[in-house]
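Asks: This is the structure I have questions about; it appears just below.
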Amino acid sequence: MTIWKLFKAKREAHAALNKFLFDAENAKRLVTLFARKLSCFYPPWRENFVAYTFYDRIFSKGTLEYAVVRLIRNVVIVEVFVYVFVLIFFNWLGTVVSIVIHTFLALMFVFPPLMSYFMLAVHRMISTKVRTLLLLLMISMSFEGPAMNAVTNIYRVGEGLGCVQTDVTSSLEDVKGRAGDFKEVIQLTIRLQSTMMLMVESIRRQFRALSNLTNSCKRFMKKPYSIVSRKPRYFVDWVMSNNLFKVKIGSKPRELNHAFQKIQKSLHDVVAQYILFFEAIQTAIKWVFIPATMLWPFITTALFTFKFNYREDFENTYLTREFENIDLDMALRGRTKALPLNKDENEKYIPRNSWKMTSRERTYYRLRLVITLILSATPFCFICMDEAVYSVGFQILSNVYYYTGLVHVDYPSHYEIKVTKGESAKILRSIQEVFSPKILLRIDFRWRECFVNPSQPDRNTFWSIVLMFVAAVFLCRFQVWMSRQTLVLAEYLFPDRVRPRALTLYNRILQERKNVLGQLADDQVAGRETIVRRGMQSRGYIMVNCSLCSAQDLRVADESNTRLCVSCGAYYCIQCFCLRRYCKECENDMQIVDRVELYYEDLTDDEESEEDEKEADEGEWKEVLGEGTRTAKLVAFALGI
């Protein structure tokens with residue numbers, strides 16, 4: 001790449017940067033203009049805000065108006081919480097909670113710190129328990145909707161089968177009841193047969209008398225007479241030797257009927273147990289799990305408040321504005337800065353309003369996501385079961401309706417006896433009327449009344465569960481950010497804890513850096529420390545701090561202003577070396593070298609007082625910058641060698 005292309009790329013980059021800065025400045029100007037327009041509603045957005053009017057004093061902390069409005073705001077928050085809870089549980093539970101909350105509201109006027117506790121508890125409940133409440137609602141709705149619908153459809157199919165069984169049994173009983181009528185018909189037929197036998201005997205006697213009269217005509221009418229005399233005989237013999245009707249009545253085996261009743265009863269018992277189990281789970285979720293989930297944050301808030309006020313390390317891993325102010329103050333004083341953080345520190349310490357997660361938060365986020373997926377499996381399994389039962393049941397009923405439409409029931413046929421208009425014909429026609437109706441073939445639709453169409457799955461419930469599942473998955477991630485805002489609210493309610501927590505975090509970061517740099521130096525310069533030190537001393541590269549007063553940028557080559565302990569190698573400025581006899585690190589007598597006392601001092605100054613030791617201990621934390629810089633340069637030089 002030529003110089004011209006590099007120069008051209010540089011100009012384009014500068015032009016793009018200038019354009020970006022120009023757009024950013026315009027955006028800031030628009031935000032400022034928008035805030036200025038809305039400053040009439042929210043005066044703190046006004047430039048150089050000073051509260052003059054009554055409305056301005058409402059937004060000025062420390063005024064009477066500000067305290068009154070804050071009290072009204074707290075009352076409104078409590079009342080809204082009560083109304084929401086009463087709407088959710090519109091029964092005696094809502095009344096009890098309303099009484100408890102209003103009692104708490106009365107105590108809040110007497111003990112104002114209770115409001116801080118209540119606000120923290122409500123915020124913790126919203127930030128940590130909304131996802132749990134959604135999961136419980138999903139499970140409760142799945143038991144109440146899809147699961148109950150599937151069991152109901154199964155029960156209806158079983159009830160339809162029981163109806164068919166009952167219909168068949170009633171038909172059998174009806175046939176058995178009709179058997180009595182057939183028995184009467186048989187008795188009537190027997191009596192009819194006896195009467196006809198008497199009539200036939202009378203006719204036989206008449207025929208016998210007439211046969212004597214017809215002997216004279218036997219020659220002329222032999223053949224016609226023979227035919228006429230034999231036909232009635234054949235009829236009489238046939239009537240005497242055969243019955244007109246035969247009826248055979250049977251019944252279903254009692255064992256089969258008992259088996260059907262046993263299956264129907266067991267099916268009803270199983271369905272009733274499932275319904276009772278689902279209702280018990282719904283009751284437990286509604287009256288145990290949901291109230292416990294809503295009340296648990298109020299219990300844990302007390303522990304949170306105690307740890308926040310008395311333990312500086314409690315959830316103290318986030319960079320705040322106070323932390324940045326401390327770092328800026330240290331930079332102006334020329335002391336060690338904590339910002340910017342290195343790669344490993346960025347994984348542990350992040351800005352509190354950042355969307356990024358720390359390693360610890362990432363672990364809890366994955367755990368909550370897995371729990372959400374596991375608990376969401378139950379509602380979706382019930383939804384799939386409901387869809388499957390509805391599809392299978394609808395298909396079964398469709399097949400039942402289709403095949404029952406093809407079923408033709410053949411009723412017992414009857415005989416139409418062709419007789420004349422005599423008395424015998426009337427008797428036979430009265431017997432024929434027993435058989436009714438006179439329809440030989442028809443389609444039976446009675447089975448359709450036993451089966452009911454399965455109820456369709458509720459689509460509103462399905463989409464409600466899906467939307468709650470999506471919201472629960474999103475809250476797994478959003479809960480990480482919301483849980484940090486509890487610390488923001490706690491710092492607002494307890495402002496005296498802001499600076500101690502920021503100082504503790506700042507000191508911890510610097511202490512961890514000191515340990516890391518010392519470990520790196522031990523690893524890289526192990527066994528070669530004397531050689532590296534001699535080389536850097538000879539070249540005048542060593543820049544150190546005083547071990548006692550932390551005076552900066554002491555050069556070893558500057559013999560007039562720098563002193564060194566011959567035993568441990570600790571560095572001192574000329575002032576501290578002259579005023580101190582024993583080394584701070586190894587307690588060696590620095591004023592005697594080769595049995596020659598360098599300085600004469602009074603015996604009372606040989607040992608420092610306890611106050612000097614205390615002041616020295618308070619200045620120990622200032623050694624971090626000096627020792628860190630020295631060790632880093634030692635490591636760099638050792639790697640260069």
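Cβ from N, Cα, C; glycine included.
Feature table excerpt (TrEMBL):
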TRANSMEM  71-93  transmembrane segment
TRANSMEM  99-120  transmembrane segment
TRANSMEM  132-151  transmembrane segment
TRANSMEM  284-306  transmembrane segment
DOMAIN    314-506  domain 'Dendritic cell-specific transmembrane protein-like'
TRANSMEM  365-385  transmembrane segment
TRANSMEM  461-480  transmembrane segment
Asks: Looking only at residues six or more beyond either end of the transmembrane segment (284-306), which have a C-beta under 8 A from one in the stretch?
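Replies: Same-chain contacts beyond the ends: 93, 116-117, 120-122, 124-125, 128-129, 132-133, 136, 139-140, 143, 486, 490.
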Asks: Counting a contact as 3 or more Cβ pairs under 8 Å, with residues at least 6 apart in sequence, do the transmembrane segment (461-480) and the transmembrane segment (132-151) touch?
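Replies: With 3 or more qualifying Cβ pairs, these stretches touch.
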Asks: Other than its close neighbours in sequence, what residues sit by the transmembrane segment (99-120), given a CB gap under 8 Å and a spacing of at least six beyond its ends?
Replies: 71, 74-75, 77-79, 81-82, 85, 301-302, 304-305, 486, 489-490, 493-494
